[in-house]
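In what follows, a structure is listed as structure tokens, so that the remarks can point back to it.
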Amino acid sequence: MSWLFGYSAKPPQPPSDDTPADSGGAAASVAAPVTLSKSERKAMEAYRFDSSALERAAQAARELEKSRHAKEALELSKLQESTKQTEQMAKIKEYEAAIEQSKVEQKKVDYEERRKTLQEETKQHQMRAQYQDQLAKKRYEEQLVQNQAAQQEILKKQEESVAKQEAMRRATIEHEMELREKNKLKSIEAEARAKAKADRENRDITLEQIRLKASENRTTILESIKTAGSVMGAGLNALVTDWDKTLAAAGGLSLLALGVYTAKGATSVAARFIEARIGKPTLVNETSRFSILEAVKHPILTISKAVASFKKPSDALAGVVLAPNLERRLRDIAIATKNTRINKGFYRNLLMYGPPGTGKTLFSKKLAKHSGMDYAILTGGDVAPMGKDAVAAIHKVFDWANTSRRGVLLFIDEADAFLRKRSSERISEDLRAALNAFLYRTSDQSNRIMLVLASNTPQQFDSAINDRLDKMIEFGLPGIEERERLIRLYFDTFVLKPASEGKRRLTVDKFDYGALCSTLAARTAGMSGRALSKLGVAWQAAAYASDEGRLTEQMCIDICDDAVQDHRQKMEWLSAEEKTRSMMPYLLDLPPLDSTEQYTQSVKITEENDDNTPKKVHIKKATPKMTTKEIETDK
């Protein structure tokens, strides 16, 4: 339908230079100049008008009006025209979008170029700064080298000057000493010459003086001998002729000897009496018994002990955390000891054995206080260094203890140090004599002295010592329940109480203390009560050492892990002799630090039986994946 409006789908062909014959008179009358250029001809062609196209369009319009499809053709042409316009508009939009996209791309390229330019400039600045820094460092180093060289030169000159001055001073001193020596020699030579000359001149006088002195000494000695002989002769004559004087002389000599020996014996008895009632023996390291010398040295401590003695006796197990069966046995012993003192009966000797730090010394003090007795603490290691004086020291201890009216609980720690076997052990004669003296003083039961021995290796005791023991008590390492009670006790003593008092620089974060104590109890298997008490001290020290004086849960766990590692190292350091059958039950394998819950369950299984009776357990290997089937029970 493009022919209807005078245009065709094909591009219009440029008209030829020859004018058609039927183009009209106007076209024929105007002739194109031949001399026009190509551009001018194109401009002229743009203004030409083809009238034949209008005629054809008019004819087509008339034919179309006569056709019955004219209206549909018109509508169709309109639709085609609108469609083409829409397509043209879409192309225009696409072109505009392409232009905008090209602008954006151009901006990106410009930005990237600027960024690269800035990076390059920054890099150049950095390189320039580094180069300047290197130059400054190089200049500074050169300046330092120059200064150092100048200082070395100055020091060298100063050393040379000091050396010259020292050489001059030494030369001056040597010259002065040489002059003094010469003058001294000359003065000595002059004195010797003068003395020799005087001796030669006074020789006769000197010899005469010597002769006179010798004759006087001879006369004096002779007269003394004659006088002594006459006196002794007269005395002997008088004694022989007068028997009364003889008897008086003999009696005087006898009384003098008796006085000397009596004074010596009285002095020794008085010394023992004073030492027994006023002081304390040298072997006793600590005692609750009152003494005048201790009161003078420590008056405040003595007064506090005296005030505490008037209080009601406390429980023998107060502040002592042990296994239930062991607590039951110790409570029976405390009741029996108290009734024995009240009824003035004979005390029973005890042996407490087990690993160190399990509460043997603490219970002995509590037992003496609960029973109303005095206690005295000795150490077996103090006996051997005394040598020959050990026997006398042991006798003094027992004599001192026998003078007590309340009775004395004699606690000997590390008793195996001097009470070893005489048959298999190579001990010195002094130590053997001390052992014999101890056996002599403990041969009978006593109503004044209760003997308590403590040892980590009781198998080293002599058989005679074992015969003196009436009761043997094993202090084992605390189980998981005892460890939890101990950790709670020490956490309250060293952390919570100081924090609640407010007098010290100590605060505690808010966390579940009970859960923490349970967790730490599972992690500290094989540790003694003393080791757990050191945990409390370490927590307190860590809080004091922190910036804010605050103790956190993680700090408690970290300190506990460090203590567990130290304990493992100590167990590895034990020698083969120390890892004997008597010590093996206490050398438990510690759990891995990342498997606390599983190890807690395994420990509970090992410490309890079906009928709630105690049993000994041997664990093959403490691994994170250990189950109850891997635990061997030896009842």
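In case you wondered, yes, glycine gets a Cβ from its N, Cα and C as well.
Cross-referencing 1-37, 38-74, 445-481, 556-592 with TrEMBL places the feature region 'Disordered' at 1-37.
With helix defined as DSSP H, G or I and strand as E or B, the domain 'AAA+ ATPase' (346-479) counts 59 helix, 29 strand, 46 coil.
Mean per-residue pLDDT, taken over the domain 'AAA+ ATPase' (346-479), amounts to 89.
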